[in-house]
């Protein structure tokens, strides 16, 4: 009876003890992050670094509308294909949009020489001035400028020709040698385009130009070329057996371009004074134009995001996140989210930072939970929480700032004869893309690992801070909790939290209670030893009596014979 009483008193003493625990915040977040060592770690707070959504629209870029070429491509627009007349007034744009199946390019069959290079040059142009470089009425008085039309470039059912070129033919039965020049006084680069006609037979050559041995010479400071017509039979394209090759050059400010020919020249009529602008570009897209504004445009749609990475499209125009192949880039800012199991009781797993966090502590990341005669409650440690928030916020901002180099990324241009170069370029681009993706993912993994370790360290430091104050005035009971050997009211609890706990004040009371508890433990241990001995002896006696009874019964019925020899 005495032993039972002592054990009961011991249990009551443990139940009534004042307790303080160190723990961390938990919530109902389902955010998961990856670290170097773990995948899908549930955390209380995190930030997404990867943009994966767009609006599916073509938008104005910083308030400036794009130039939609519609059914025309770059060649048709610049040469002046009659079907592209609606594009003639275009003067400025934020970016240029081609459709994948644009059908109106060069209308008279032939080849546009160095077309891909021209597209590359144009991708950095944001506006131009279209002007008459060689006025039609005065530049070629000895040549016909009116009959050079073709059904291949028909418009409204009638034969026509490019709006920016003049097809010069003989006049009055002759094609005298022509010489004409232009001096660039625009103060900017001027794009000049011209063509060379290659008839299919000598009859057409004589009909159009009279001279059989014709030539065309085009010369500037940076360009010097002499062309000879190639007269040969060819299969018809767009009902034309002849061909026309198209050429271009950029004329620097102050430079002069000179044309000399005695036949087959498709002369410049209009030229373009170019104004380059950073952030322009050419994209190929089927998306439609809408009344919207953006800072970043992709062929799939506009991106309005300040995140450093995106996985939508590698081609971008404007201030855009860096394209990576990652499916997820999430950086942790909070803690591991392991809400404690409520049914285990307040000071079981719920109390500690080992088995779980506290959903009840909402005003900080780290803090305390106490229980005494005045009640119980949570209190966040504001100083350590604020220091952690500041540190992590600065780190996240630094990562975003370093990686958030927003820029335009347009595709490179290659013609059909440069497939090996194009394939090599794709491999190089893929290599750089893999490196960028790897660097981005590794950066996030490392920073997530460091952040979670940082939180663990902060909780441990808070625990050690309390432990160093309480010393032997309390005992560690696991899960981040301490059980006081003395009464600790709310004022006492607050002193532990703010680091002003008066150890000497409670030392004597703690010493007495500690000795009482130790005494109960010793006496309880003696009682248990006596009970153990008694239990052993009693069990042995019961066993002997049972064996004797069984032996007597077996002897009496003859099952067992007993002989005693003297």
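Note that Cβ sites are derived from N, Cα and C of the backbone, with glycine treated the same way.
Scan Swiss-Prot for N-linked glycosylation site across 27, 557 and the hit is 27. Within its own chain, residue 304 (N-linked glycosylation site) has 55, 294, 295, 296 as residues 6 or more apart in sequence whose C-beta sits under 8 angstroms from its own. The Cβ neighbour count for residue 488 (disulfide bond), using a 10 Å radius over every protein chain in view, is 27. Residue 107 (disulfide bond) sits 11 Å from residue 72 (disulfide bond), taking the C-alpha atoms as the reference points. Comparing Cβ neighbour counts within 10 Å across the disulfide-bonded residues 153, 296, the minimum falls on 153. Within the set of recorded positions 28, 40, 84, 153, 498, the entry lying nearest in space to residue 292 (disulfide bond) is 84 (CA atoms).
The separation of residue 59 (disulfide bond) from residue 488 (disulfide bond), Cα to Cα, is 66 Å.
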